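Visitor: According to Swiss-Prot, the protein has these features:
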- 5-241: domain 'ABC transporter' (DOMAIN)
- Gly37, Pro38, Asn39, Gly40, Ala41, Gly42, Lys43, Ser44: ATP binding site (BINDING)
Amino acid sequence: MSGGLKAEAASFALPGATLVDRVDLTITQGELVAIVGPNGAGKSTLLRMLSGDLRPTSGTVSLDGRALADYPPRALAARRAMLAQHTTVSFPFSVEEIVAMGADIDPRKAAPLFDAALRDVGLDHFRHRDITTLSGGEQQRAHFARILVQLWSGEADAGPGLLLLDEPTSSLDIRHQLDLAETARRCARRGTTVIAILHDLNLAARFADRIIVLSGGRIAADGAPAAVLRHELIADVFDVALTVNTDVAGQPFVLPELADDRRAAAHA
């Protein structure tokens, strides 16, 4: 993905509402980018535009200098994989069958990819389980394995691709949130471009190279975590009181300010 992913004045509007408003951004190969913002900020709409799932109503989104709208569906599927916010399967497919849906190569060549993806998400011992019997978090991990296989099978011919994750940790416990973030970071270090919508600002600060803050369909901030996570910005965008601190390695982290703490500080 030598040319990177680029949005130029990209907007998406419905009658009476603009969900994403003239967004300009460039994301280079191997970056791990977190998109954060309050509910209704336009994060999922922007991610779908960056994936090619939604065509901008104005402006353009391009991959390697070519508009996403100009890619044939199969060619685009070989270049990018997206984990949707919610994926429901009503039929009793096994976990391995779900993962296999991501492959577009000879099944004999795909088998090692299945094994690696299932190990990465911690479901190798569940490969023969009916996916409808799994918990919501386990199902989310199975679908993450599926898109990893899609990504890896496409990269075999097309080179490093694009991995898009829409709130991938929403159903996961702490351990598996960290496991998923580590897997995403390994993908980025191998050259894959990773874009993830996250609500956990500390997870974003710990794993992302760059944080984009979206508010009202527009980019409110874009940069390294330490530059973006500022008290004033968080208060303005999220309408909440948080304290921004820095750990011994210089990484920012945020903690909530409780009402009692604010009252005590005011009278100190």
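Including glycine, each Cβ sits where the backbone N, Cα and C put it.
Remember, it's a predicted structure, so these values are computed and weren't measured experimentally.
Give me the lay of the land around each of these features.
Guide: All chains included, 24 other C-beta atoms sit within 10 angstroms of the C-beta of Gly37 (ATP binding site).
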Visitor: Show which residues of the chain containing Pro38 (ATP binding site), separated from it by at least 6 in sequence, have their CB under 8 Å from its CB.
Guide: Ser215, Val237, Phe238, Asp239
Visitor: Taking the centroid of the Cβ atoms of Gly37, Pro38, Asn39, Gly40, Ala41, Gly42, Lys43, Ser44 as the ATP site, which other residues of that chain lie with their Cβ within 8 Å of it, listed in sequence order?
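Guide: Surrounding the site, in chain order, are Leu214, Ser215.
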Visitor: Using Cβ-Cβ distances, find the residues under 8 Å from Gly42 (ATP binding site) that belong to the same chain and are at least 6 apart in sequence, listing them in sequence order.
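Guide: Same-chain residues close to Gly42 (ATP binding site) (Cβ under 8 Å, separated by 6 or more) are Phe12, Leu19, Val20, Asp21, Leu214, Gly216, Gly217.
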Visitor: For the binding-site residues listed here (Asn39, Ser44), tell me which residue's CB has the most neighbouring CB atoms inside 10 Å.
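Guide: Answer returned by the neighbour count: Ser44.
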